[in-house]
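Residues or ranges marked as (6S)-5,6,7,8-tetrahydrofolate binding site in Swiss-Prot (evidence: sequence analysis): 132, 133, 134. According to Swiss-Prot, the site 'Plays an important role in substrate specificity' annotation covers 236. Among the features that Swiss-Prot reports, N6-(pyridoxal phosphate)lysine is placed at 237.
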């Protein structure tokens with residue numbers, strides 16, 4: 001009789017054989033990704049090479065510590081992997097030092113806070129209602145609980161960052177750390193001006209480039225490398241890698257602090273299979289094809305924004321410099337939640353999003369956030385995004401007219417045709 005361990009480790013035994021419930025859930029998710037248009041700005045389609053690395057035997061290896069200084073034996077090959085990830089990341093962003101161990105962008109930010117701040121210190125970040133991220137000092141987040149959080153905003157008229165307000169708040173509150181970054185800001189950031197303001201109050205400047213990393217690597221968005229004391233990012237989104245985080249800098253002293261903050265400060269053993277997948281993604285991003293891809297990502301976002309505006313929809317800031325397009329639904333008297341639910345039923349996934357100075361609850365919102373990275377990976381071009389804008393408008397008009405169930409059914413068939421023309425995996 002075969003014992004359990006023999007059955008589990010028999011190479012002939014697949015996931016389907018061992019755990020059909022999980023297998024079927026994964027298969028259903030694959031079919032969802034294949035049959036829907038993924039317009040969530042923080043999502044992308046990782047390559048098979050990235051996923052192969054993440055599903056590798058490195059899953060089995062515990063490697064607490066850093067290269068050459070592990071607390072476990074048998075780490076010579078995972079050292080090779082981590083070293084490649086670091087070298088490639090530094091080359092990608094033209095920096096000297098990198099930590100590739102953070103499990104997420106949020107933990108990368110926490111590592112910076114642990115490196116530079118003590119509880120009660122003042123930080124200055126973009127308000128979440130104006131496009132900032134939870135970890136930039138939002139009240140429900142630890143960054144808003146541990147530190148005195150001052151939030152800057154955007155200009156009410158243009159919806160662009162109000163750098164004069166950033167400077168005024170910095171001079172008034174003397175923050176120890178200024179954060180330049182966002183999760184829902186479609187335009188370019190003036191990292192040079194941020195650094196000038198930071199220098200005036202002797203503050204550190206953290207650039208959180210989680211959304212813009214791929215664009216920066218490809219030269220389609222300004223790089224903070226010359227200006228920020230320290231930079232954090234995720235490795236998925238526009239970098240098209242596994243879900244994870246990184247911290248990079250040109251300052252050796254800050255790098256050493258980050259090393260200690262990540263381990264042993266915040267984490268134990270790194271996820272070596274994920275670090276391997278990060279390394280693969282960095283290699284992909286260093287290839288000329290990646291620059292061409294990112295160029296199309298930005299072009300497609302501009303086309304999407306323009307097409308939505310032609311339908312009479314209000315696009316925040318009037319356009320985009322990135323992969324992000326934000327739509328304000330207040331003129332249509334619709335909520336983000338109502339619209340996103342209808343769009344999903346029609347086969348288009350995006351996310352509800354607060355718009356500047358939104359009075360709706362975060363669970364409802366008055367806007368939508370779209371991103372073009374995933375569907376550009378799929379192969380969609382400008383003309384396809386014009387059609388997608390038409391489909392989005394059809395759904396929104398259906399909501400306004402109260403016949404959205406009929407519209408959703410029609411749009412879903414059109415979405416299926418696009419997806420069939422551009423298959424994934």
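From the backbone N, Cα and C atoms, a Cβ is placed for every residue, glycine too.
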Cβ-based neighbourhood (8 Å from the centroid) of the (6S)-5,6,7,8-tetrahydrofolate site, residues 132, 133, 134 excluded: 125, 126, 128, 135, 136, 137, 138, 141, 182, 183
Residue 237 (N6-(pyridoxal phosphate)lysine) to residue 134 ((6S)-5,6,7,8-tetrahydrofolate binding site) - Cα separation in whole Å: 17
Neighbouring C-beta atoms (10 Å sphere around the C-beta of residue 134 ((6S)-5,6,7,8-tetrahydrofolate binding site)): 16
Residue 236 (site 'Plays an important role in substrate specificity') versus residue 133 ((6S)-5,6,7,8-tetrahydrofolate binding site) - Cα distance in angstrom: 16
Euclidean distance between Cα atoms of residue 236 (site 'Plays an important role in substrate specificity') and residue 132 ((6S)-5,6,7,8-tetrahydrofolate binding site), Å: 18
Cα distance (Å, whole number) from residue 236 (site 'Plays an important role in substrate specificity') to residue 134 ((6S)-5,6,7,8-tetrahydrofolate binding site): 18
